[in-house]
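What TrEMBL says about this one:
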TRANSMEM  31-53  transmembrane segment
TRANSMEM  82-104  transmembrane segment
TRANSMEM  111-138  transmembrane segment
TRANSMEM  158-179  transmembrane segment
TRANSMEM  191-214  transmembrane segment
Amino acid sequence: MTYHTNPFRLLTNPKETLFKLREAEQLRGHWLWTVLILLAFCLVFAALGWVGAGTETLNQLNAVYIGSDYESAKFSFIIGRLVWGLGLGLLVIFVVSLVFYLFYEIPYQKLVVIQLSVGVVFLLEALSWLLLLLAAGLEWDRSPFSLGVIADLFTDRPWVISLFGAVSLFQLLILYFQTRCLLLLFPAKRWHVWAVVGMIYLCYMLMLTLLGGIGNKIVAFIFA
């Protein structure tokens, strides 16, 4: 059986699609989708960099730089965001697939197919950050889809807000989706799958919190 990759179909009709993926002997289209999704990561995060998402320091550059100097500084920041988007896409698609491959006897390419759908959800969340910033001036860690907006009511510590901001409806959907896919593709114990998926998610939370906490300092240092 040949499985034709479609990340959106796997998200909207997971039960039937996962059955076909489990029985498939040959995969088609997954590398094309990989390239397209990685390009989408680059474009979306470059757009986030263009509007100054993720750091308040960039918004203060206009007071220091004028004309072409400011545009050059902003362009460098956009390139940095683009590289970060590409790196995140590679982590989501390939590194997480490798972690699952080490724990469960599932073909690596099938795990990549699953992570392509996860990448789509990541992109949807990043698009929500972009729209919220443009429409309401809200940074990613204060998104109404996350717990960051609640943490902001009780503390002004950036790292606490970033930590809670990493807990979002999109990420909870990813946790559930990954667990369901792994359990349908491999007869593992449910608690073990949840533990592995939760461990990966915890690493993501810590990484996002760290980047959120030092982002302004890095930008301020580079453009000082």
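Just so it is clear, glycine is given a Cβ too, placed from its N, Cα and C backbone atoms.
Stretch with the largest number of CB pairs closer than 8 A to the transmembrane segment (31-53), among 82-104, 111-138, 191-214: 111-138.
Cβ atoms under 8 Å from those of the transmembrane segment (158-179) belong to residues 11, 14, 114, 117-118, 121-122, 124-125, 128, 140-143, 145-152, 190, 193-194, 197-198, 201, 204-205, 208-209, 212-213 of the same chain, restricted to positions at least 6 beyond its ends.
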